[in-house]
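Just below is one structure, and these are the notes that go with it.
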Amino acid sequence: MAHSGNGESFHDPLRGFIQRNCFRWNNQKLILQCFMALAFVGITSSTTQPDIEGGALLQLRDSLNDSSNRLKWTRDFVSPCYSWSYVTCRGQSVVALNLASSGFTGTLSPAITKLKFLVTLELQNNSLSGALPDSLGNMVNLQTLNLSVNSFSGSIPASWSQLSNLKHLDLSSNNLTGSIPTQFFSIPTFDFSGTQLICGKSLNQPCSSSSRLPVTSSKKKLRDITLTASCVASIILFLGAMVMYHHHRVRRTKYDIFFDVAGEDDRKISFGQLKRFSLREIQLATDSFNESNLIGQGGFGKVYRGLLPDKTKVAVKRLADYFSPGGEAAFQREIQLISVAVHKNLLRLIGFCTTSSERILVYPYMENLSVAYRLRDLKAGEEGLDWPTRKRVAFGSAHGLEYLHEHCNPKIIHRDLKAANILLDNNFEPVLGDFGLAKLVDTSLTHVTTQVRGTMGHIAPEYLCTGKSSEKTDVFGYGITLLELVTGQRAIDFSRLEEEENILLLDHIKKLLREQRLRDIVDSNLTTYDSKEVETIVQVALLCTQGSPEDRPAMSEVVKMLQGTGGLAEKWTEWEQLEEVRNKEALLLPTLPATWDEEETTVDQESIRLSTAR
């Protein structure tokens, strides 16, 4: 990190400038620039601070002997919570680590104990050896510990008796010997089978929570009598249940489906025709969440490509923040949202999986991926989006949002609409995806206040400043998406600083319009297009991205304007007049100095978010 000659950090004057000026400017462009600057300062400053948990994970990786380089963790990190695979975080603390069935052959480093907030540690089905770390007893937050099917040797350290919060302990199929702390036999789920640990008949304690101790001969007769009586009672109960079931079946509707998967979450969940998958089915479909199947990452978790036994391709969304207070709520919210939102331009949920440590959603796999991919990330030989398809995306997305806002009860706010969240089916029809950031609000409310979540460049200014989102927040994001469709560019692009001061696509478009350079707005990859249709979509986009939410149209109005029946000409004339006034006012305001050196602003543009990174 660069420093000035007097030892002052590069960020100090910039941070001071922001704090003195940004929050007293009532101007959309300057507000967005300030938030961008704050994001930049926060991200780059954090790289200078040591990350204890990140260092501990790197030590763990080294001790595991990751010869196949499965753990692509790097020392050039901000935090392991941002992008490291197999790591689950709550806030900025690691709470779960799942490294099962990974082919590791090393040892378990005591550095693992630096993960003070770890709740779940899964290392089963590897070839790890050596002694169990004594210091693991200090990890008092551990609830799930699975070290089964390895080659650990020695005894269970006495310090492990301090693990008072354990609910699931599996040390089976190891070379362990010696005694077992007495309190471990009171854990809800435990397994010491396949070891030489003292349990079973010799200790009169079971070796696993699912097994029973052998009964003595003095109790055999009583057991036989009890067993006979139980069988008779069971037969009577079974016959009674059959009668009740037949009577109930006549009355119930065919859509009332309950799910209860043994070994998973015991709660019964009814969600219509959704399929409940077992965790094993999901693991088989995704090759145990193999990183080679990773196709995306959002605010609530990673998305993997999967293949079901019937050869159906699916997209599996593994929620990353289940352990946080919002994790369970996020899962239930998404299930509820999809169950009430059914539209041809909305992504259909086909199933889910829930266990004590996992929340997973299963969607159809979209062969043509996302609009963002088709605009900017094509591989050699792949086909881009022609103008008719882009126009179809604009119309379909508008219809999908209109349905969420005006035809769902309660209404639904997406809150992260962008080209990357618009998927394309086999016929290149658009469907809105990623309802992990959606928010249900009561129809009697005009907005909902929550933490700011979304992608910088697509977030409406009032949402940035107040945290209040409404339908008009989505309208703003839709307008930016229209500009992405026309230009093929990102909502934020630092490379523009080489020629102008506008890093935001919205400001760049306004600049070109002032200079009457409409042709320069259109994506250079478009060889043919209708200039009148381009003009219409740009005008609608700018009406949708006005600074005041009250000035933005509702999505039903947007649909009408796109269809040519919404009075676009009159609204555009009014916008031009207001824009002229806004430009004059902007000239009287100070501007943010462009003091960022290109080499010091290497920030991943698609990853600049105001939500907690996962």
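Heads up, the Cβ atoms here are built off N, Cα and C, so glycines get one too.
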Of the residues ASN146, ASN525, which is given the N-linked glycosylation site tag by Swiss-Prot?
ASN146
Scan ASN175, ASN290 for the residue that Swiss-Prot records as N-linked glycosylation site.
ASN175
Taking every residue in the repeat 'LRR 2' (141-163), what is their average pLDDT?
94
Counting only residues 6 or more past its boundaries, what in the same chain has a CB within less than 8 Å of a CB in the repeat 'LRR 3' (164-187)?
124, 132, 140-156, 158, 193-199, 203, 205-206, 208-209, 356
Mapped DSSP class for THR286 (phosphothreonine), helix or strand or coil:
helix
Reduced to three states, what secondary structure does DSSP give THR389 (phosphothreonine)?
helix
With DSSP, how much of the repeat 'LRR 1' (115-139) is helix, how much strand and how much coil, in residues?
5 helix, 6 strand, 14 coil
Quiz question: given the recorded positions ASN65, THR312, THR389, THR455, which has the greatest number of C-beta atoms lying within 10 angstroms of its own C-beta?
THR455
